[in-house]
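Here the structure is laid out as structure tokens; the discussion comes afterwards.
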């Protein structure tokens, strides 16, 4: 039966609110094709440069997605993907570069990736150490009409998830900037992105995702 309070409850449940996530994590407790978090950027704009930073803990040894950014014409527009322990893949415009990282199992990981269109140079930093500089998609522009997903890898715009590529563990301090940050700022300003900002995050969780205080530094 229709009732104003029922309508208001349903309306509010679909509203997205900005939340200060400082000191909190998203926990993805089990493998699934239904648990994910949609992140809403503060600004929608094409990206000629970016820096992406996040922290994560997992004990997975199979492939999984850390950050999936798709546009209607391109599923892997910006994707940070772990192929196996110690092998990170960064996709830009469906083209990828691979970085080999010394494995550090069962410890939290601070990952930062940057890219500039003019040179095509991308860098991957893990726990404050540069893992190399490689070239991909020189002259490209990352599209603005994006679905940004934590917990799953998009094989189509906003969907077609595969449980065998889902993330199981904890993710926090996710930030995205529209420029390349120097290392010191990557380490010091991990919550203050101007596209995605962990201290002022607009998101919607779906399925079995739990928000808890963080236990890792």
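Glycine is treated like the rest: Cβ placed from N, Cα and C.
Just so you know, TrEMBL annotations are computer predictions that nobody has curated.
Annotation source TrEMBL lists disulfide bond at 53-112.
Annotation source TrEMBL lists domain 'Pentraxin (PTX)' at 22-217. The domain 'Pentraxin (PTX)' (22-217) scores a mean pLDDT of 92 in the predicted structure.
It is 53 that, of the disulfide-bonded residues 53, 112, has its Cβ surrounded by the most other Cβ atoms within 10 Å.
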